[in-house]
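Asker: Right, I'll just put the structure down here and ask away after.
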Amino acid sequence: MAMAMGMAMRKEAAVAVMMVMVVTLAAGADAGAGAACEPAQLAVCASAILGGTKPSGECCGNLRAQQGCLCQYVKDPNYGHYVSSPHARDTLNLCGIPVPHC
């Protein structure tokens, strides 16, 4: 029981961190870079990126729309480790999106 509660708390903490990341990235996104980079659209991918679950169709669609922005997100020193994590790579692969080489 204690182990299940600990896992639930870690998942909640991970989701909270992801939401902070999304809000911060959204605030710092370069609005003048042609295609709109809107990291808040990647919030639907939180469970796939953080927990390794199968990405939803909406997640894959949003990743495709943000594909040109992924290197920008990877290079952000505060959040790049989320975007370049093994689960993020798995998510990209499951969505049929090439992993960027930044």
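Every residue, even glycine, has its Cβ placed from backbone N, Cα and C.
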Asker: Tell me which of Cys37, Cys95 Swiss-Prot records as disulfide-bonded to Cys60.
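Answerer: That record, Swiss-Prot, gives the partner as Cys95.
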Asker: If you check Swiss-Prot, which of Cys37, Cys59 bonds to Cys45 via a disulphide?
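Answerer: Record-based pairing for Cys45: Cys59.
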Asker: I'd like the number of other C-beta atoms within 10 A of the C-beta of Cys102 (disulfide bond), please.
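Answerer: Taking all protein chains shown, Cys102 (disulfide bond) has 12 Cβ neighbours within 10 Å.
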Asker: Spatially speaking, which of the disulfide-bonded residues Cys45, Cys69, Cys71, Cys102 is closest to Cys60 (disulfide bond)? Use C-alpha to C-alpha, please.
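Answerer: Closest candidate to Cys60 (disulfide bond), judged by Cα separation, is Cys45.
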Asker: Check the Cα distances from Cys102 (disulfide bond) to each of the disulfide-bonded residues Cys37, Cys45, Cys59, Cys71, Cys95 and keep only the ones within 10 Å.
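Answerer: Candidates kept after distance check: Cys71.
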Asker: Spatially, which candidate from the disulfide-bonded residues Cys37, Cys45, Cys59, Cys71 is nearest to Cys95 (disulfide bond), comparing Cα atoms?
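Answerer: That would be Cys59, the closest of Cys37, Cys45, Cys59, Cys71 to Cys95 (disulfide bond).
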